[in-house]
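Here Swiss-Prot flags 412-419, 1057-1064 as ATP binding site. Summarising the annotation, Swiss-Prot assigns domain 'ABC transmembrane type-1 1' to 120-344. According to Swiss-Prot, the feature domain 'ABC transporter 1' maps to 377-629, an assignment based on sequence analysis. For 697-984, the entry in Swiss-Prot reads domain 'ABC transmembrane type-1 2', with the evidence type sequence analysis. Here Swiss-Prot flags 1023-1269 as domain 'ABC transporter 2', drawing on sequence analysis. The feature N-linked glycosylation site is assigned by Swiss-Prot to Asn48, Asn473, Asn580, Asn792, Asn1044, Asn1117. Per Swiss-Prot, transmembrane segment is recorded for 183-203, 205-225, 280-300, 321-341, 697-717, 737-757, 818-838, 840-860, 924-944, and the stated evidence type is sequence analysis.
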Amino acid sequence: MALQQVRPTNKQCRKNKKRAKAKMMESPRRLCRWAIISYEGSPRIACNATDETAESPFLRNRERSSCINRGFDISYCVRCAFTPDEHCVWEPCCAIQSVRQQVEVGTSKRTMDIYSPLQFCFRVTGLRVSAVIRLEYVQALFSQPISKVDQVSVGTVTNTITTLSNTIQQSISDKLAILFQSLALLLAAFIIAFKYSWALTLVTSSALLFVVVGCSVTLPFMTKIQQKIDKADEKHSSIAAEVFGSIRTVISLGAQESLSKRYTTWVEEARKRGNGLSLIFGIHFALVFFALYASFSLAFWFGLKLYREGHIGEINTVITVFFSVMIVVSVLGNIASPLIIVSKAASAAGSFFELIDSEKVDSGGLREPDASAHVDIIFRDVRFTYPTRPDVPVLKGLDIRFQNGKTTALVGPSGSGKSTIVALIERWYQLAMSPEDQNQGSIYVGPHDINSLDLKWWRSQIGLVQQEPFLFNDTIFNNVAFGLIGTQWEKEPDSVKKELIEKACREAFAEEFIQRLPEGYATIVGQNGIKLSGGQRQRLAIARSIVKEPKILILDEATSAIDVRGEKIVQAALDRVSRNRTTIMIAHRLSTIRRADHIVVMKGGVNVEEGTHEELLQREGGVYRDLVNAQRLELLAEEDSHTGNAVLELQDEAQSPTMSVQEKLQDEDNTQDKNRGFIRTIGLVLYEQRARWPLYVAVLISTAGAGTAFPLQSWLFAKLIEVFRFTGQKLVDAANFWALMFFLLALAVGVLYSTVGFTANSLSVRISEACRKEYFQNILAKPIPFHDLSENASGSIVSRLATDPKQVQELIGLNGAFPLISTFSMIGCIAIAFSFGWKLSLVTVFAALPCTFLAAFMRIRYELQFEAMNAAVYAGSSQFAAEAIDAFRTVSSLTMEDAILDRYTQLLREQQKKAFRKARYATLIFAFSDSVELCAMALTFWYGGQLLASREYQPTSFFVIFMAIIQGGQSAGQFFSFASNFAQAAASANRILNSRPQSDELGAASIEKQQLVRSGDLTGATVEFHDVSFRYASQDVPLFTGLNVSIQSGQFVAFVGPSGCGKTTVISLLERFYSPSQGTITFNGEDIRTLEMTSYRRELSLVAQEPRLFEGSIRENITLGLDQSEFTEEELIQACKDAEIHDFITSLPEGYATELGIKAQTSLSGGQRQRLCIARALLRKPSLLLLDEATSSLDSQSEKVVQGAMERLAQKRSLTIVAVAHRLATIQKADTIYVFGTAHAGQASRIVEQGTHQELLRAKGTYWQMVSSPRFLT
């Protein structure tokens, strides 16, 4: 509260005179002017200033000189300090008035009533801006052509919507509030300074102009380097997304080390680029803080010069301008760090707007009734190459007509262009509109060019089932209901939708396994449907495509992962829904397309044969006939005699290979996580990086030195006030000396802050690098059940990897250095205050300190809670966005863009509501913490006045203490402004530390394991299952019990059975993804749990049902997980020849060096990817080869060649093969075939038959019924 100015009465003057035991001159026309003067210890009275002399500052100066010449030492004016008179002419009195005025200016800007809504508004604004810009980014991404989306990795998207959006949010919520508040104070200080002396203000501002020029030079460099750092962060986030999105492949290949090196390379690159900021920060802070403190020296020196020359009439003008400059310096010092954060936010915003402002796909056009889907689809001379491989033509003048209401099948070798036709029909790619482009030709839908149709309307007419179906991490009900988007049923109530969904699931043969799930249609399927088997996922995808009764149905290997009985039923359902609608089928299993109205045989990007099944079979030497012959079994069951009675008793197991995996692990994991306090957490991180102690020492010394600048400034200011005791040359000499001292302080501060900027950033990027490497390694070392938990989905992990080390870096860097400076400043201010006057310091410090610490505790505690809430919500929204981008083709084909954006908006809105409620109460805490310093100032000023009035304190002591309290209060305020950074860094550091192996994991790892040593001769492995039982945590019934299997060295063993019966689980147990609940599995006579993991997995090779490739060249993908010394070039080429992929690779312009790009999964066809994975598996020269539907995506010719190569290796006894297959033609030469089944619902799965292909056919049991299915007949 501002002090009121009260003109003293003569009665008050007489009272004061009596107290001083002195005489005072009285006159009706004169005001009371008096001071207690100290001279050689004796109090004296001095009185000066008449109405006449008050008119002239020069007379006052002369009269002042005469007083001093008479022996009076004018030190201070008690009365004017607290009952000020605007006409007072005594310089010390004026100095105290100036102090009071400037305190009023500062305090008026930061009252609780103003600060509370200010902080609240900025926090809410930051949350909303962050949410809106993320939503705009995702929306813009969905509006891009798929050719551009293929160039954006999931890791880049995750990094952008987490790390970069958090930077923007923090900048607005915390730093921008400080910036605007400081700018307002800056403007007020300049207005006051200009009001008192424009000349002095302008000259002083020249030093500040130096700050502006310096910032204009350094900030562009900061932004440029920050953008390079962001690019490096995107790269390592992209690698992390690939790794954790394909974690089973990575672990099975033993590729953790090689992929970690890739990740580490870009982490180190980010550190190197971050080091480039160290020098820029050093220069930036040197220029800024030197100029700021030099402005003190300039203001005082030039002000005294103007005063002596008579251009300034009163010394309080100099003091007022000086204080204004001090406020400006304090403000600019406080915004130095926020300014850097704002520049980072500007760089982050650039990454957002680069995509947001890019050109969008024009989705408008014709729709019903102007256009219709009940027409022919015609390809005319279509030529097409993918943007990622412009030198490799895919379609070469293709002409095809898909007749309305008819079923057209596309068959042919992998890579012949079948899926490309689907992509063009879905308008994921567009043919050229100009003759210069090599993508030429036309696609017509009836009379209309396909590009003239409304994009969303056209896609809503199509039901698509892809070869690798994608399910969202949602319920089964919602996953199927997504197929209703864009139809007349989209807005119907759930009761209506339920009927449609249940009908579609029945037709897709999915209802049977859904009903056996504990939660039925409400079951969460996990990331990409990980909690369901491949066949179950495919059936749900079929249900999703047929639920809307589309006019056009496209089936791209729609039944490849479904078991024999399931495929038969589903195929019959597809045949029914295909009637009277345009259907396009792509298949390698020719039995599924034999009833097609028209079959087109593709080869080399053109159609080489067309006709019906019967017509094509009659062509001697025809391509189609050769494909059919390649799929015949050696011994066929009677074709139709038992078909009608082939009702199997097999039933799908209710639980899938990864159904709600290890839910108890989640509870255990949560109990093991430790929520350490802030000091302990950061202290532990710093302690573990103690090898960097030289940087620690440099940061500590430089921040301590910078922190002493404020206390020294307080002392220097008091000395400057004492200068006014002198006159003449002595005044000039003293003024020049102390101005020089301020200049030397400016030099020292410039050097110290430069050191702070350089060393703090250098330290932070190194510790961040170490934390990020360790974090990645720790999560990569987690077992598969950890990754199966929903909160540990790949998107969430990538989000944490991108954000957590960054938060630690922010705190240990400049955001940690400035609080350190504030801490040392507070300590220094308290120390210097006590040294000049213990009584005033004691009262002020111990009255304010408890409130200060209470406010700090409350604020940091709130920020920790707020950060924990934010982290949980952002992880969910980021995972959702990453999942949607990863499934871009599925989202676009279902026209789910608006639904995805609505759901994403809902997630963000929920987060905003929670944050809004938190912020509403938190701003009161913020206001309280920032008001404590103001209360300390007021208390100091009041109690100091009492001490001055009682003549216990000299003015110098009062000024030093008061200035120290002001500076200490400002330091406390700056310290509190970093509370959010403390909370975020503590939460992030806790997650990093909690990712480390727990005590039980370390105990298990410390047990000595047997190391497997590879011999020179390649021999197969002997594997045995002894009474093995296995149950997932969520299952009441084991998946299987008492499993006994014996696989001899060099044998080819196959497992068949319905989807979900446990076939893939056998593979997972052999790979040690999971451990058996009971029983043992031996490898060459040794329990696999006693074998060292890495050497054991080196003996295995796995080819999964869904092949996974990584960014890099073809060579790098094939040799992934292998050291260069483990294979020769000849062995590499032979493995590719055995996998029937060598010819394709050599046909590419760059051969084995061909880069697969960011989206490696979409750069090749399914069959090409699968053959590369087979080549990768063969190159490892395993003793045990695991095949999980390994040839499901291959055409018949390729499959026959690949199968023959593996059979030859098995015959040589050089490896043992364990295969899981639905396509029985691939396992007819197996030494032993194990047939899984379930006796009754609710019981564990079991092996119902075993034997060779011929033995099982003669037994005419379950296997014979499978073979009797028409899918194996030509």
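In case you wondered, yes, glycine gets a Cβ from its N, Cα and C as well.
A mean pLDDT of 82 is what the model gives for the domain 'ABC transporter 2' (1023-1269).
The highest tally of CB pairs under 8 A with the domain 'ABC transmembrane type-1 2' (697-984), across 120-344, 377-629, 1023-1269, is held by 120-344. Note: the CA-CA distance between Ser414 (ATP binding site) and Asn792 (N-linked glycosylation site) rounds to 35 Å. When the C-alpha distances from Asn1044 (N-linked glycosylation site) to the recorded positions Gly412, Ser416, Lys418, Asn473, Lys1063 are tabulated, the minimum falls on Lys1063. Each of the glycosylation sites Asn1044, Asn1117 was scored by the number of other CB atoms within 10 Å of its CB, and the largest score is that of Asn1117.
Around the Cβ of Asn792 (N-linked glycosylation site), 22 further Cβ atoms fall within 10 Å across all displayed protein chains. Cβ neighbour count for Gly412 (ATP binding site): 26 (other Cβ atoms within 10 Å of its Cβ, all protein chains included).
Mapped onto three states, the DSSP output places Cys1061 (ATP binding site) in coil. Under the three-state DSSP scheme, Asn1044 (N-linked glycosylation site) falls in the strand class. Close to Asn473 (N-linked glycosylation site) in the fold, though at least 6 residues off in sequence, lie Ile524, Val525, Gly526, Gln527, Asn528, Ser790, Ala793, Gln879, Phe880, Glu883, each with a CB less than 8 Å from its CB. Secondary structure from DSSP puts Asn792 (N-linked glycosylation site) in a helix. Ser416 (ATP binding site) has a Cβ environment of 24 other Cβ atoms inside 10 Å.
Around Lys418 (ATP binding site), taking its Cβ as the centre, 26 other Cβ atoms fall within 10 Å, counting all chains. Fewest other C-beta atoms within 10 Å: among the recorded positions Ser414, Asn580, Ser1059, that description fits Asn580.
For Asn792 (N-linked glycosylation site), the nearest of the recorded positions Gly412, Lys418, Asn580, Gly1057, Ser1059 in terms of C-alpha separation is Ser1059. When secondary structure is read from DSSP and collapsed to three states, Lys418 (ATP binding site) falls in the helix class. Under DSSP, Gly412 (ATP binding site) is assigned to coil, being neither helix nor strand in the three-state scheme. Residues within less than 8 Å, Cβ to Cβ, of Lys1063 (ATP binding site) and separated from it by at least 6 positions along the same chain comprise Phe1055, Val1056, Gly1057, Asp1188, Val1220, Phe1236. Cα spacing between Gly412 (ATP binding site) and Asn580 (N-linked glycosylation site): 25 Å, rounded to the nearest whole number. Residue density at Gly1057 (ATP binding site): 29 other Cβ atoms are found within 10 A of its Cβ, drawing on all protein chains shown.
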